[in-house]
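Feature list (source: TrEMBL):
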BINDING   HIS51, ASP54, HIS187  Zn(2+) binding site
COMPBIAS  9-35  compositional bias 'Basic and acidic residues'
REGION    1-36  region 'Disordered'
Amino acid sequence: MSESGARLDPVHNDSAHDDSAHDDSAHDDSAHHDSGGLNPGARVILFVHAHPDDETVGTGATLAHYAARSDAHVTVVTCTLGEEGEVRVPQLAQLAADQADQLGGYRYWEYRQATAALGVTDTHFLGGVGRWRDSGMMGLPTNDHPRAFWGADVDTAAADLVSIMRERRPEVLVTYDPNGFYGHPDHIQAHRVAMSGAELAADPAWRPELGAAHEIRKIYWTTLPRSVLADQFDAFAGATDNPFEGVESVEDLPFGAPDEEVDALIAGGPDAAERKRAAMRAYPTQVAPGDWLDVLGEQLGPQSLAEEHYRLVKGERGTADGPNGWESDLLS
Ligand SMILES: CC(=O)N[C@H]1[C@@H](O[C@@H]2[C@H](O)[C@H](O)[C@@H](O)[C@H](O)[C@H]2O)O[C@H](CO)[C@@H](O)[C@@H]1O
Ligand SMILES: [Zn+2]
């Protein structure tokens, strides 16, 4: 700890991270679950993600938006610690899996800072912290690690999710599409486990000891309209860190959907955008200063950080009061 008593952030070199900001009581690091600060009658939205930072990069504004709503409750389940990730900043490079192999633990603490910045306190790691390991990119030998999430038996992994679903009894589940949005094995597996969990949780004959059966009313998959992708494609053309380097057209990307296949837009507003921005800064190992994700808000305007899109795959579409006839509330 520095003289000021605040733990210095080795990357941003400030005391932005203050452990006293954390409410440790609600973070549930075991495989068993406390109340997570759930107020009786609150309407629960459950998010299932693959790695620390996906909750922020993919759904951070939505998390902040609903965490701020007095009638709603956000629960986040993350399936791995991101042990096999790259390290985007030299100061922490030796944490990598092929060196000290400490990146998972570090990303755990990045995740705590990020979810706190979003106002989310009900967080879980599937099966408990460290149960499943980041599988690495598709086709790598790390996919065969004995604890790699990609090699998990889906129903075994889903059992831990079912107990959370039957405990929190969410109205809405948010996860990825069958391709895991962009084809990463842990994202594909997170989709499979989430969808299997939703089905099993609703079956009263399946593992009744895990709680009373619960049917989730609506299920959404994260998505990105091609129109937004096209704006990003144009905005980053020629940029130093261009995520679309070498791509001819947005049509060639393994993700993105025609606008007409999108069902909901959560436009979180300035507070949600700022919270998402702060949460992204909590992940220096994944989003370094100057990276495209770090400058996204500058390139496309802060509102771009606050807008997240979803496809409804189970349940009735709610009030179409958003742009393009999209829903503006996942709970509608
Ligand atoms: C957003 C996301 O899911 N990131 C994953 C992904 O990270 C990629 C990986 O490090 C790859 O080597 C890089 O070239 C690419 O830019 C990264 O997005 O895969 C990691 C390993 O499984 C995972 O830890 C990370 O969270
Ligand atoms: Zn991921």
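One is the number of the first residue shown, and numbering goes on along the chain from there.
The backbone N, Cα and C atoms fix where each Cβ goes, glycine too.
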For this session: Run through the Cβ atoms and count how many others sit within 10 Å of the one on HIS51 (Zn(2+) binding site).
Result: 26
Problem set entry | Other residues, Cβ within 8 Å of HIS51, ASP54, HIS187 Cβ centroid (Zn(2+) site) | HIS49, ALA50, ASP53, GLY58, THR78, CYS79, THR80, GLY82, TYR176, GLY180, HIS184, ASP186, ALA190
For this session: Translate the DSSP assignment of HIS51 (Zn(2+) binding site) into the three-state scheme.
Result: coil
Seminar exercise, completed: Same-chain residues at least 6 apart in sequence with Cβ under 8 Å of the Cβ of HIS187 (Zn(2+) binding site), in sequence order, are ALA50, ASP54, TYR176, ASN179, GLY180, PHE181
Problem set entry | Three-state secondary structure, which DSSP defines for HIS187 (Zn(2+) binding site) | helix
